[in-house]
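Student: Okay, handing you the structure first.
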Amino acid sequence: MNILAPVRRDRVLAELPQCLKKEAALHVRKDFHPRVTCACQEHRTGTVGFKISKVIVVGDLSVGKTCLINRFCKDTFDKNYKATIGVDFEMERFEVLGVPFSLQLWDTAGQERFKCIASTYYRGAQAIIIVFNLNDVASLEHTKQWLTDALKENDPSNVLLFLVGSKKDLSTPAQYSLMEKDALKVAQEIKAEYWAVSSLTGENVREFFFRVAALTFEANVLADVEKSGARHIADVVRINSDDKNLYLTASKKKATCCP
């Protein structure tokens with residue numbers, strides 16, 4: 001019995017969402033990795049469709065982490081600021097290339113007094129979203145420390161990084177241009193994909209989370225295909241080894257029976 005709710009029509013991804021800036025992207029391919037497309041077409045995605053991928057959202061107090069999540073998950077924007085106490089999370093279900101895929105978006109507190117509590121929930125993340133305020137240089141400078149703290153609980157080689165500038169609607173074109181240069185530099189240094197969004201207007205929010213879902217899905221399928229291939233090779237080696245042992249055993253038996 002399927003206990004999961006059906007995937008919403010606006011959460012179906014048949015193509016790879018593109019990056020915002022090619023100079024600060026995790027990759028610039030126009031399509032999903034060929035091995036991922038092939039695995040989906042041949043229904044060889046293993047347990048990917050049954051897994052829940054964890055995404056943590058970190059950043060300074062009041063940079064707009066909760067508003068970002070709420071705009072995507074609930075299509076709402078609350079002008080009355082309420083600080084997140086500890087952690088909270090939302091579950092979002094997608095269908096990517098015909099395969100069900102779930103993201104668990106963890107909204108963590110930016111307040112120093114809740115940092116220890118929030119950090120206990122960092123472990124096991126497959127993607128880390130570091131949010132800063134496009135109108136606050138200090139919040140951008142603090143992103144590296146947020147990343148350092150998050151990576152203490154995760155393997156840097158197995159996690160996707162996204163650097164997201166929020167409150168774009170409050171920036172003038174000139175202000176945004178200056179901040180974007182600095183943000184792109186930081187994104188390149190930490191090997192993160194850069195995005196600029198507005199939770200108030202919704203600008204780039206949907207596109208951003210679709211990109212997160214697609215790249216996380218792609219990474220999961222590639223990892224599963226790789227594991228399946230490794231298991232297959234191990235089985236072949238084991239079978240060949242067993243065959244060889246059987247041959248040697250038979251030869252020994254034959255030798256002992258000969259005069």
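Cβ coordinates come from backbone N, Cα and C, glycine included.
For reference, Swiss-Prot lists these features for the protein:
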- Ser62, Val63, Gly64, Lys65, Thr66, Asp78, Tyr81, Thr84, Gly110, Lys167, Asp169, Ser198: GTP binding site (BINDING)
- Thr66, Thr84, Asp107: Mg(2+) binding site (BINDING)
- Cys257: S-geranylgeranyl cysteine (LIPID)
- Cys258: S-geranylgeranyl cysteine (LIPID)
- Met1: N-acetylmethionine (MOD_RES)
- Ser241: phosphoserine (MOD_RES)
- 71-89: motif 'Switch 1' (MOTIF)
- 108-127: motif 'Switch 2' (MOTIF)
Student: In the same chain, outside Thr66, Thr84, Asp107, whose C-beta lies within 8 angstroms of the Cβ mean position for the Mg(2+) site?
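Tutor: Result: Val57, Lys65, Ile69, Val87, Asp88, Thr108, Ala109.
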Student: In sequence order, which same-chain residues at least six apart have a C-beta under 8 angstroms from Asp107 (Mg(2+) binding site)?
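Tutor: Set apart from Asp107 (Mg(2+) binding site) by at least 6 residues yet with Cβ under 8 Å, we have Val57, Lys65, Thr66, Ile69, Thr84, Val87, Asp88, Phe89, Glu90.
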Student: Find, for the listed binding-site residues Ser62, Gly64, Thr66, Thr84, Asp169, the residue with the lowest Cβ contact count at a 10 Å cut-off, counting only other Cβ atoms.
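Tutor: Counting other Cβ atoms within 10 Å of each of the binding-site residues Ser62, Gly64, Thr66, Thr84, Asp169 gives the minimum at Asp169.
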Student: Work out the three-state DSSP category of Thr84 (Mg(2+) binding site).
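Tutor: Where Thr84 (Mg(2+) binding site) sits, the three-state DSSP reduction gives coil.
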Student: Once the DSSP letters are reduced so that anything not helix or strand counts as coil, what is Gly64 (GTP binding site)?
Tutor: coil
